[in-house]
Amino acid sequence: MGIKNLTSLIEENAPSAIKSNDLKSYSGRIVAIDASTSMYQFLIAINTEMGAALMNANGETTSHLQGMFYRTIKLMTRGIKPIYVFDGKAPVLKSGELAKRYARRKEAEQQLEEANEVGNSEDVQKFQKRTISASRKQNEECKKLLELMGVPIVQAPCEAEAQCAELCKGGKAWATGSEDMDSLTLGTTILLRRLTFSEARKLPIMEIELEKVLDGLDLTHDQFVDLCILLGCDYCDTIKGIGPKKSFDMITKHKNIQTVIQNIDRTKNPIPESFPYEEVRELFKNPDVIKCQDLPEIVWKEPDVDGLIKYLVGEMGFNETRVQQGIEKLKKYKDTGVQTRIDTFFPMIKRPRDEDAGSAKKKQKTVAKPGAAGSKKKPAAKKAAGKK
């Protein structure tokens, strides 16, 4: 899910942090991709476009493999070097959210059954989307496919978004590819959304830069984390009556959640029973990840042609001609080679931010910068000429 209303809040208060690009703009970039959100997009897209999931002769769903194979080839032929990161065990704090999701899926399954009986195609499609989730088996199938393609994977001990952020902060990747906005809360330097969307949707990539978000909102990263908790995340409930605008205003004024709590009217804004904000804050700031220095070398290998044909065509029932065409594109990419941009290997240097970021900004606005309008000096040569 990510962070509620964070995208719209950034669009309104830090618009320069967001820009739109096409895929080719990221040629030479290494991108850590959240595999779970990608798989969900593939399952949704193919169900929507085809009206049903793709299946092999044994009745097994293959939509996730279809999407993973062809979209990864598309990324690589555009010069992007993907690293797919898979979720590990969900944190204990997320158990409440997972239980809610399970209940919503069960409810959607019942509604889907009723919509099918009535024959309402719009409702069928709507409820069908709500029942979709990637299974553990589908995760393992995608891992196998990527290994055969020669694409590196990382198994996160916990949340994939947190591991993606660690890869970015440690200089192993330039950006995170995910739909979850909490990637920014976790400290990813650049977030790319819609990276694995179907091309049929014709949506540009949305790029969000964390440092520009903090500048635009005039917050430190610690304050931003507290803002995200107030907005609503996967790990705790929200305070009733405090929406996105009020959350932003209160963090801007009070700087942290504990001071916000001290200054609200608890009759109007009751604190929920489950509001372990200190634990959630710690989870965002120090998540369970494999540190970059402890990871094995990340390498893009030659595709296993025979293995791919055996798996996709022999086991999964894919069209052999199309698979061969995909493999040829992969091989061509490997033969041509795309040079990784040099700045990919260096983590973005964060400028020191005072806890009272607002006062620093005010000072900045009142002091003229060297070379700025109103502070230009006349060239020395002209001064000398005037003395003659």
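Cβ atoms are placed via backbone N, Cα and C, with glycine included.
Marked as region 'N-domain' by Swiss-Prot: 1-105.
Per Swiss-Prot, Mg(2+) 1 binding site is recorded for Asp34, Asp87, Glu159, Glu161. A 10 Å cutoff on Cβ-Cβ distances gives Glu161 (Mg(2+) 1 binding site) a total of 29 other Cβ atoms nearby, all chains included.
Under the heading DNA binding site, Swiss-Prot lists Arg71, Glu159, Gly232, Asp234, citing sequence analysis as support. Here Glu159 (Mg(2+) 1 binding site) comes close to Asp87, Gly88, Ala90, Pro91, Leu186, Pro287, Asp288: these same-chain residues lie at least six apart in sequence, with C-beta atoms under 8 angstroms from its C-beta.
Among the features that Swiss-Prot reports, region 'I-domain' is placed at 123-254.
Taking all protein chains in view, 21 other C-beta atoms sit within 10 angstroms of the C-beta of Asp234 (DNA binding site). Per Swiss-Prot, the feature Mg(2+) 2 binding site maps to Asp180, Asp182, Asp234.
What Swiss-Prot lists as region 'Interaction with PCNA' is 338-346.
Swiss-Prot lists 349-388 with the feature region 'Disordered'.
The compositional bias 'Basic residues' annotation in Swiss-Prot covers 375-388.
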Integer Cα-Cα distance in angstrom, Asp234 (DNA binding site) to Asp182 (Mg(2+) 2 binding site): 9
Within the predicted model, mean pLDDT of the region 'I-domain' (123-254): 91
Asp34, Asp87, Asp180, Asp182 as binding-site residues, winner by CB count within 10 A: Asp34
CB-centroid shell, 8 A cutoff, Mg(2+) 1 site Asp34, Asp87, Glu159, Glu161, site residues removed: Ser36, Thr37, Val85, Ala156, Ala160, Ala162, Gln163, Cys164, Ser178, Asp180
DSSP state at Asp34 (Mg(2+) 1 binding site), helix/strand/coil: strand
